[in-house]
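Visitor: Annotation source TrEMBL lists region 'Domain I, interacts with DnaA modulators' at 1-85. Sequence annotations record features per position, and here TrEMBL assigns domain 'AAA+ ATPase' to 137-267. TrEMBL lists 148, 150, 151, 152 with the feature ATP binding site. The region 'Domain IV, binds dsDNA' annotation in TrEMBL covers 326-445. Residues or ranges marked as domain 'Chromosomal replication initiator DnaA C-terminal' in TrEMBL: 353-422.
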Ligand SMILES: Nc1ncnc2c1ncn2[C@@H]1O[C@H](COP(=O)(O)OP(=O)(O)OP(=O)(O)O)[C@@H](O)[C@H]1O
């Protein structure tokens, strides 16, 4: 196997694992040779070798096979040489302070490129406030939310902003996984003092995906000490996770309560308007890269309606659309969109039934299913019923009379009235909008 092939396999691994994991675990590996179906990989340390073996062996074998290599298993050797594994780590005491602030930051993730809507306005405002610098008002800022909703984007935006204002400010951004990696490396190399010095010398510490620390007891312990030292010194800490601090299992209580001390804000699932806003912004950004590619009216609205998972999926869909359109030299219209994104659209197809909707909504509002379809008209039953009708109208292909029949034989005008009522309420009552969106999301999963 040539070095070129290995480089291609590395590229494919980077795509799957993302830049952070890739630079921690895969980049330090050297390809040692392939014989008798066994591929040898040289790792700089036993720790890296073992970690890769346990976590990424199947993936590496798969990618090697995709590159037409006849591989049955991997063998790891320790080369003893320490390389790029800590590429974005500031070498304690020697590296210039500003190095850390550049580390691992995506240039595209700025406040300018972040689209603000109802679901993320509070998180955005809090991030802006922290990015102004000045006295620390809430510590930590804890951002949480589902996959691909902009947590990392906001953290990087804060770091960029602070760096622009004060180039000498020592901003350290890293994932919780990298924190653990550095901690373990420091332990192994007996460099805990350097580790402590590094983390205690930052002005702003940002740790992404902190749920990763769940169940990693010693790393949690060290994180707790780092956290306390920085808070005591009046330094700002920003944390992100996929759920609220209290909901992270296998995280020590004292850490949970520490994480809750500052401001905890969540990024809600996207709504239609935010999705459309993101699509418009991204389409505008793509336009200069694809001169001559026209987009027909209604395409972005169609996508915002049909793809309701997260912003990352939306972005991916748009990238594919532009690439495809430029390849075939056609305008992006609804037909091309449906052709090109058939799989994405199918994945987010709503196959939910009216009965499932009724059950879910009943559970959510704690009412009996029989009351949902029964005749009683008290508000506590009528409102959930109307929400269920609204969801049935929007998430299934049933007609109004069919929906009416499934709600105890009600008339289609009753369904129409219910749907309209919820549309109106959603516009003026954010709690209602959130409830409906959460239910819709739960039903799409
Ligand atoms: N409001 C937004 N405006 C513009 N782009 C956004 C917005 N929200 C998310 N994105 C984009 O969506 C992609 C995913 O966002 P990001 O990586 O910040 O998600 P995340 O919440 O950290 O998810 P994960 O937990 O999976 O890491 C990024 O390319 C980001 O720029």
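The backbone N, Cα and C atoms fix where each Cβ goes, and this holds for glycine too.
Nobody curates TrEMBL annotations by hand; they come from automatic prediction.
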Visitor: Long-range neighbours only, meaning 6 or more apart in sequence with Cβ under 8 Å: which ones does residue 152 (ATP binding site) have?
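Guide: Counting only residues 6 or more apart in sequence, the Cβ neighbours of residue 152 (ATP binding site) under 8 Å are 106, 109, 208, 240.
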Visitor: Which are the residues of the chain, 148, 150, 151, 152 excluded, whose CB is within 8 A of where the CB atoms of the ATP site average out, their centroid?
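Guide: Filtered neighbour residues, in order: 145, 147, 149, 153, 154, 240, 267, 311, 312.
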Visitor: Which residues does residue 148 (ATP binding site) neighbour through Cβ under 8 Å, counting only same-chain ones at least six apart?
Guide: 309, 310, 311, 312, 313
Visitor: Under 8 Å Cβ to Cβ from residue 151 (ATP binding site), same chain, six or more residues apart: give me those in sequence order, or none if nothing qualifies.
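Guide: The list for residue 151 (ATP binding site) reads 123, 143, 144, 145, 208, 240, 267, given in order along the sequence.
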Visitor: Across all the protein chains here, work out how many other Cβ atoms are within 10 Å of the Cβ of residue 150 (ATP binding site).
Guide: 27
Visitor: Just to be sure I understand, if DSSP states are collapsed into helix, strand and coil, how many residues of the domain 'AAA+ ATPase' (137-267) fall in each?
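Guide: Split by secondary structure, the domain 'AAA+ ATPase' (137-267) comes out as 67 helix, 26 strand, 38 coil.
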Visitor: Take the region 'Domain I, interacts with DnaA modulators' (1-85) and count its residues per DSSP category (helix H/G/I, strand E/B, coil), listing them in that order.
Guide: 47 helix, 18 strand, 20 coil
Visitor: Can you give the mean pLDDT for the domain 'Chromosomal replication initiator DnaA C-terminal' (353-422), rounded to a whole number?
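Guide: Mean pLDDT across the domain 'Chromosomal replication initiator DnaA C-terminal' (353-422) comes out at 93.
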Visitor: Going by DSSP assignments with H, G and I as helix and E and B as strand, what are the residue counts for the region 'Domain IV, binds dsDNA' (326-445)?
Guide: 89 helix, 1 strand, 30 coil
